[in-house]
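Let me begin by presenting the structure, written as structure tokens, before commenting on it.
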Amino acid sequence: MRTVDAYNFAGKKALVRVDFNVPLDADYRITDDTRIRAAVPTIQKILNDGGAVILMSHLGRPKTGPEEKYSLRHLVDRLSKEFNTTVKFATDCVGPEAAQLAQDLKPGEILLLENLRFHKAEEKGDLEFARELSTLGDVYVNDAFGTAHREHASTAVIARYFPNDKVMGYVMHAELDNARRVMDNAERPYTAIMGGAKISDKILIIEKLMDKVDNLLIGGGMSYTFVKADGGEIGSSLVEEDKVELARRLIAMAREKGVNLMIPVDSIIADEFSNEANVDTALSHHIKPLWMGLDIGPNAREMYADVIRNSKTILWNGPMGVFEMSNFSVGTEAVAEAVVDATRRGAYSLIGGGDSAAAVNQLGYADRVSYVSTGGGALLEYMEGKTLPGVAAIERDDY
Ligand code: 3PG
Ligand code: MG
């Protein structure tokens, strides 16, 4: 892999694509800075070499153009504190201001460009936009693993303008390393925990994992499509009607392959989708009409924790319940605790980005699991066996 370690940045301006798509609250305060912290070593390496850093990222999904809530300006203070310097800011990622600021940038200095997605050309992978961005730096560094599954101007297309000067940052390298660790030759017993609202997002990865894991623990909203496929009464729980047949097929596939597929035996149920709802516990196969399962129940919790504690490799993607609501966060917490426990006893644990990473961070467990991925969709696509354009653009000479 071509990484920043093989490159001397002395006197160079490095154009670094990071994934600073971080959650902001209503006052534009950063509520989870994992992705910023993750990018620090790559930036620091460039500065230490005697290079200058031009950071570019997207934030959110702006529709037509600039929107205050998606401005990367909100990250300037956080970055300035991190690097003990005044981080400069270009109010547009291309154009005369960005060009001038980039030109004037001295070794040891950092320039942050405004949100790339304020230009539609970014997501379109527009060649001319990529070329204009490329003129800002001497070398292209991609450290945006969370966005590596997008073939956008700044994540892939731009690499064409740096045929001999394109490398991966440390985040990218570590992410690929950790993902491979659970995909190839994982130590057994190997347990995958899959949660989240929808099966449709997870079908490919679940099928892939069937050939690798010993245990497959299902949680979150998608549990009820499995329960229904298994003949249960799920009340008004979330269900993907068009995926019931698929869930049935996955249950049969697990049986054929000798995979221990577990669906929560019981659930915390509620009479409406709200933290103020009336709450009860029920067998997942016997949920009252008009009630819905919003978390795994106490028996499922115990069974899952037991399997996890006896595992040597653990992959976790997606919460066990409606984690944002305190009444339905217990299942996710119990799973997180068991993962931490297993890790302490020598298991390798990978937390796949998105909501499960947020849960682990929120619980303060990030340092007590083996690796928390900064990628959600990107990690899943990589594990499904897809080529990530952000990776291919760096690794392939003919990109
Ligand atoms: C993410 O948070 O999923 C990444 O930053 C990619 O963002 P996107 O899904 O809007 O492309
Ligand atoms: Mg996404």
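Every residue gets a Cβ built from N, Cα and C, even glycine.
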Out of R2, R131, R150, which does TrEMBL tie to the same substrate site as D19, F20, N21, R35, H58, L59, G60, R61, R117? R150
If we take the residues K202, G293, E324, G353, G354, D355, S356 that the record assigns to ATP, their largest CA-CA distance in Å comes out at 24
Nearest of the binding-site residues (R35, G60, R150) to S356 (ATP binding site), judged by Cα-Cα distance: R35
Just checking: which of R35, R150, K202, E324, G353, D355 have a Cα that is within 10 Å of the Cα of D19 (substrate binding site), counting only these binding-site residues? R35
I'd like to know which of the binding-site residues E324, D355 has the most other Cβ atoms within 10 Å of its Cβ. D355
